[in-house]
Amino acid sequence: MPFTVAIIGRPNVGKSTLFNRLVGKRLAIVHDLPGVTRDRREGRASLLGMEFQVVDTAGFEDDGGDSIEARMRHQTDMAVAEADVALLLIDSRAGVTPLDRHFADHLRRLPTPVILVANKCEGKAGAPGLYESYGLGMGEPVAVSAEHGEGMYELFEALRDHAIKAGALTPEGDDPEPEEPAEGEDGEPDPTRPLTMAIVGRPNVGKSTLGNQLLGQDRLLTGPEAGLTRDAIAVEWEHRGRRMKLVDTAGLRKKAQIYDAIEKLSVGNTIETIRMSEVVVLVMDAAAILDKQDLTIARLVVEEGRALVLAINKWDVVDDPQTALKRLKDRLETSLPQARGVATVTLSALTGRGIEKLMDAVLDTWTKWNRRIPTAQLNRWLEDMIERHPPPALPGGRRYKIRYMTQAKARPPTFVLFATRPEQLPESYSRYLVNGLREAFDLPGVPVRLYVRGGKNPYAEKDG
């Protein structure tokens with residue numbers, strides 16, 4: 001039986017969101033109403049190369065009768081009994097509730113190990129609930145944001161010993177070495193799997209017109225009225241022999257501009273589409289390049305770890321192209337430095353000019369998003385970076401020691417830096433390394449993630 005992890009907790013703490021994050025596709029219905037997930041859902045999950053079975057359970061309800069809540073609780077108890085480890089989720093924004101306390105007490109009496117996970121920890125709003133959760137007596141909580149993908153490395157760390165005990169990881173391999181590339185993850189086109197490409201942007205910027213140009217047919221509804229495309233529409237086609245899947249979505253507007261319930265659902269579907277895509281093309285109107293809402297969408301794409309390409313539509317009517325491009329680059333530099341160097345293509349969706357350049361940019365960005373760097377090459381680069389600019393000294397004048405770096409995964413490129421006292425490495429030095437990775441290994445415009453943790457250099461031990 002594979003290593004099995006059960007996700008448990010009271011209703012509406014984000015269990016299905018975490019399940020979807022780990023499984024990598026939307027198998028569980030996500031809604032902000034308690035009790036949406038009434039049955040157990042199972043899927044194969046992957047976390048930094050660790051493979052396991054994950055179970056999304058119904059929310060615990062404090063009800064001992066034969067109500068549906070009682071049956072949901074019975075299903076959850078069964079899932080916990082069959083799991084190697086359980087993740088008890090709480091909502092750090094809501095704080096610890098009496099139900100959280102009740103079921104923490106209940107789980108303590110069961111033999112299955114329990115890891116406390118404080119969800120919705122993005123930003124400052126979740127901090128009080130995170131600190132309060134220590135009072136549950138379940139050990140140190142793992143702070144995550146299932147919605148934004150934050151804290152996944154820390155979750156890996158918490159699960160690692162349990163995975164070793166279950167035989168899912170070997171003790172020698174418990175530090176996350178670069179995982180073997182799955183088919184299609186090494187930057188080479190995989191003819192058996194389409195590249196998923198989403199077209200997103202504000203309403204009425206020409207997303208569906210662009211989609212129709214790519215497909216060569218009027219497959220997507222177009223018109224001057226904003227909001228014509230309510231649902232995300234997926235269409236497969238071939239480009240130069242490469243299978244592609246195009247997803248055209250409803251436009252993302254500012255929240256204050258979203259009035260009806262159907263459009264709210266469409267915006268939610270767009271956000272989900274971004275998460276499930278590989279390359280996201282953000283379409284902008286040349287008359288209003290990179291306004292506040294464009295930046296919000298671009299940040300969302302980067303936070304979700306997707307590959308980003310910018311497409312400036314209606315370029316054929318721009319009076320001063322050079323000034324417009326400079327304004328765009330300056331705004332990116334100041335407002336979205338993590339997307340510095342992102343591929344930017346000017347085009348006309350109506351006439352088709354620039355479409356081939358757009359597809360070149362999509363394929364090139366996808367290749368970089370899949371890039372893997374050999375550990376030896378990575379550490380030669382790291383030595384050079386440290387020699388050029390050593391990390392600042394620790395309090396008392398002690399030298400900060402960086403041991404080595406490894407790439408944990410691609411899609412997006414994710415690196416782990418092993419060092420003494422990882423919590424004391426300044427954020428500015430992490431940025432220095434991330435910028436260096438982008439420049440040295442040709443990763444402009446691709447999300448690059450760097451985690452810092454303590455640990456010995458296994459390569460030094462092997463040499464000895």
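Glycine is no exception: its Cβ is also placed from the backbone N, Cα and C atoms.
Summarising the annotation, Swiss-Prot assigns GTP 1 binding site to 9-16, 56-60, 119-122 and lists sequence analysis as the type of evidence. In this structure, Thr57 (GTP 1 binding site) belongs to neither helix nor strand by DSSP; it is coil.
Sequence annotations record features per position, and here Swiss-Prot assigns GTP 2 binding site to 201-208, 248-252, 313-316. The Cβ of Trp315 (GTP 2 binding site) has 20 other Cβ atoms within 10 Å, all protein chains considered.
The feature compositional bias 'Acidic residues' is assigned by Swiss-Prot to 172-189.
Residues or ranges marked as domain 'EngA-type G 1' by Swiss-Prot: 3-167. In the predicted model, the domain 'EngA-type G 1' (3-167) shows an average pLDDT of 79.
Among the features that Swiss-Prot reports, domain 'EngA-type G 2' is placed at 195-370.
For 371-456, the entry in Swiss-Prot reads domain 'KH-like', with the evidence type sequence analysis.
What Swiss-Prot lists as region 'Disordered' is 168-193.
Checked against Lys15 (GTP 1 binding site), the binding-site residues Gly201, Lys207, Trp315 differ in C-alpha distance, with Gly201 being the nearest. Taking the Cβ of Gly9 (GTP 1 binding site) as centre and 10 Å as the limit, one finds 26 other Cβ atoms among all the protein chains shown. Helix first, then strand, then coil: DSSP counts for the domain 'KH-like' (371-456) stand at 31 helix, 19 strand, 36 coil. In the three-state DSSP reading, Gly201 (GTP 2 binding site) counts as strand.
Cα spacing between Gly9 (GTP 1 binding site) and Gly201 (GTP 2 binding site): 35 Å, rounded to the nearest whole number. A simple Cβ count within 10 Å picks out one of the binding-site residues Asn12, Thr57, Asn204 as the most packed, and that one is Thr57. Within 10 Å of the Cβ of Cys121 (GTP 1 binding site) there are 24 other Cβ atoms, across all protein chains.
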